[in-house]
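Database features, via TrEMBL:
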type	residues	note
BINDING	B:Pro104, B:Thr105, B:Tyr106, B:Asp135, B:Arg173, B:Arg178, B:Asp198, B:Asp199, B:Asp200, B:His311, B:Thr312, B:Arg313	UDP-alpha-D-glucuronate binding site
BINDING	B:Asp200	Mn(2+) binding site
ACT_SITE	B:Glu283	active site, proton donor/acceptor
CARBOHYD	B:Asn303	N-linked glycosylation site
SITE	B:Gln323	site 'Interaction with galactose moiety of substrate glycoprotein'
There are 2 protein chains.
Amino acid sequence: MTTGGMLTGSHGCLVGISKPTMFTGASAMFLLIYLALWKYHDSTNPLLASASSLPGDESRLLPGAHSPRDFLEQVMSCDLDEPEKENVMLIKNESMPIIYFVTPTYARSVQMAELTRLGQTLSSVPALHWILVEDASKCNPMVGQLLRRLGIPFTHLASEMPAAYKKLKTPPRGVSNRRAALKWIRKNVKQGVLYFGDDDNSYDLRLFEEIRDTRNISMFPVGLIGDYAVSAPVVHDGKVVGFYDSWPAGRRFAVDMAGFAVNIQLLHQFPNATFIYQAGFEEDSFLQDIVTNADFIEAKAANCTEILVWHTRTVQVPAVILQPPTQTLTDTSISGLLRRLDDLQLATISSKGKPSSVHYLTDV
Amino acid sequence: MTTGGMLTGSHGCLVGISKPTMFTGASAMFLLIYLALWKYHDSTNPLLASASSLPGDESRLLPGAHSPRDFLEQVMSCDLDEPEKENVMLIKNESMPIIYFVTPTYARSVQMAELTRLGQTLSSVPALHWILVEDASKCNPMVGQLLRRLGIPFTHLASEMPAAYKKLKTPPRGVSNRRAALKWIRKNVKQGVLYFGDDDNSYDLRLFEEIRDTRNISMFPVGLIGDYAVSAPVVHDGKVVGFYDSWPAGRRFAVDMAGFAVNIQLLHQFPNATFIYQAGFEEDSFLQDIVTNADFIEAKAANCTEILVWHTRTVQVPAVILQPPTQTLTDTSISGLLRRLDDLQLATISSKGKPSSVHYLTDV
């Protein structure tokens, strides 16, 4: 396996090796068949797994001119003014393992609302380092401002989905971001616990104390997933013996991305373990790489009977194109407000947009 | 106006006077016409305003055999073991006005996830008292457990929508709950700040410090509302002179329920001010009752150019009816998990439900 030459130097920006991928029509067709078979495809959050139901080992290999494990992404470190190492060093709590909470994110009108809400939840968790990875060619300064304001130790990266995947009808979102986070952790962190937490899930704060003592891999139920309203490990005599998930799809580990946590020493034991660009099978491929013995799995959340994380989804709203009101009094707050809407990706302000107007109080 | 005989005694339960409402076919038709004209009706969250665009004062009067201001609801106090007064007394911070955060809520599969997420956000806010009002005939013990676990001072009430309104195609949700909260506050609280915060909105923690010094009424923008992606007061020379909202609809105060806060002394100055059962006009009717002079409105959030609260909406998922797996090993976690799904209203367990199965790890 080649891992590419990603560089996440402390002041680095736009560093990495991009391998052009060669997609044939046949491979695109193969992926479309996958998608048609996906049973509970989540159309409102493209970050989430979308998938095939092709069983067996062949489903783990993505057709194409490259190895599915090649590192294809460009990664940008966004902490230009604050060397990453400094952020890492902010936490020196030797009595408690640090949780590295990895969140892939992408630009949309609800993004800042969701990141604000999630970030505020995370700011209540002791000894947590947030690794936020944008699927973007450059870093969004609003996201950087939010991270600095929250006061959580963080790493802010950008890693765009390689162009070849963007052409697919349902692009495999979140893979590029999570791979970039794995690379960053392997380079910068020796120990702690890794958890993948999407920006629209809901987390009960008790989850963090459950996963903090993960020795190898811990697993637990995720609410609001699929046709069973849950995806959960099944525990017998204290051991995980199977999975209760309405979409087994030939997966050995039929779990959601939010349903497991990993001790970072295990990442170093398996330096090639990664996510492949195959919608719906990301969790399974990664876990097959690192779980050599099912006895290593630790059941959390009251032997997997409690729900401490929920796959909530937010209604997506398209950004609007707005024409500023013509009848506005001079020096009102409207111009500042419209600039803010633009910054927040809620609206684009244009003379060709939808006309907008102010309703004045009658006694003005 | 008659205010009814609601009783929220400290150990009280199911106390109040219900006035039967007489709905004629004509009044139902009148409301249906309202709804047909609603421009950005929020079909996914029935708690939110749904409305008419009939302008003028007549739109503020609900047709029917009773006065729209009559108190119709039964209110149940859910803090059976903990007298309300004790909860109120938990906060004795004389240096800081207490924020009374009122949340109407109703049973659905995402409810516990949303209340957990919101409650954790509120637990970061000093001097806040959460008034949670279920639209239900009895209190949900899971909600009570959550409230006690969070450690926030709270009041837990239930106030079901009167039967006559339930028959409407789009029932006016959240009115009964908010009216019950107003009554409770008027009875139990002398001073502080009132804010109406739905369970699916997203709150920037900075909002709470903005509204805490509200002298009369404060107003501020709400993101992700309507066709302008925002509903915001317009400020000129430091004063609120109008509203930027894509659905003015003849409203004097074209604001969202999350866009204003009220000093509780004002509630006592206007003891009859309330919400009427008229979808889309709740905010306007209440504000017209208490805002006698527009100069009293205080512009918050950087003169109404910052967005500190977002009208995010959560995708609603129906609860499933599940048949327990037949091939389950004895003494697995499945039975405990299924009981939990039932408690959380994620699933109903029934032998007539959708068959479900466990996928066992091959090496078990």
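Glycine is treated like the rest: Cβ placed from N, Cα and C.
Here the features listed in TrEMBL are placed on the structure.
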residue	record	DSSP (3 states)
B:Pro104	UDP-alpha-D-glucuronate binding site	strand
B:Arg173	UDP-alpha-D-glucuronate binding site	coil
B:Asp198	UDP-alpha-D-glucuronate binding site	coil
B:Glu283	active site, proton donor/acceptor	helix
B:Asn303	N-linked glycosylation site	helix
B:Thr312	UDP-alpha-D-glucuronate binding site	coil
B:Gln323	site 'Interaction with galactose moiety of substrate glycoprotein'	strand
Item to complete: Starting from each candidate's C-beta and looking 10 angstroms out, tell me which of the recorded positions B:Asp198, B:Asp200, B:Glu283 has the most other C-beta atoms.
Response: B:Asp200
Practice prompt. Spatially speaking, which of the recorded positions B:Glu283, B:Asn303, B:Gln323 is closest to B:Thr312 (UDP-alpha-D-glucuronate binding site)? Use C-alpha to C-alpha, please.
Written response: B:Glu283
Worksheet item: How far is it from B:Gln323 (site 'Interaction with galactose moiety of substrate glycoprotein') to B:Pro104 (UDP-alpha-D-glucuronate binding site), counting Cα to Cα, in Å?
Response: 33
Item to complete: Run through the Cβ atoms and count how many others sit within 10 Å of the one on B:Gln323 (site 'Interaction with galactose moiety of substrate glycoprotein').
Response: 15
Worksheet entry | Alpha-carbon spacing, B:Asp200 (UDP-alpha-D-glucuronate binding site) to the residue listed as 'active site, proton donor/acceptor', which is rounded to whole Å | 18
Worksheet entry | Between B:Asn303 (N-linked glycosylation site) and B:Asp198 (UDP-alpha-D-glucuronate binding site): CA-CA distance (Å) | 24
Worksheet item: Roughly how many angstrom lie between the C-alpha atoms of B:Arg173 (UDP-alpha-D-glucuronate binding site) and B:Asn303 (N-linked glycosylation site)?
Response: 31
Discussion item. Whole-number answer please: how many Å between the C-alpha atoms of B:Tyr106 (UDP-alpha-D-glucuronate binding site) and B:Glu283 (active site, proton donor/acceptor)?
Written reply: 20
Worksheet entry | Cβ neighbour count within 10 Å of B:Pro104 (UDP-alpha-D-glucuronate binding site) | 27
Item to complete: Would you measure the largest Cα separation among B:Pro104, B:Thr105, B:Tyr106, B:Asp135, B:Arg173, B:Arg178, B:Asp198, B:Asp199, B:Asp200, B:His311, B:Thr312, B:Arg313 for the UDP-alpha-D-glucuronate site and round it to whole Å?
Response: 21
Worksheet item: So among the recorded positions B:Asn303, B:Thr312, who's got the most Cβ atoms within 10 Å?
Response: B:Thr312
Fill in: Protein Cβ atoms within 10 Å of B:Tyr106 (UDP-alpha-D-glucuronate binding site), excluding its own
19
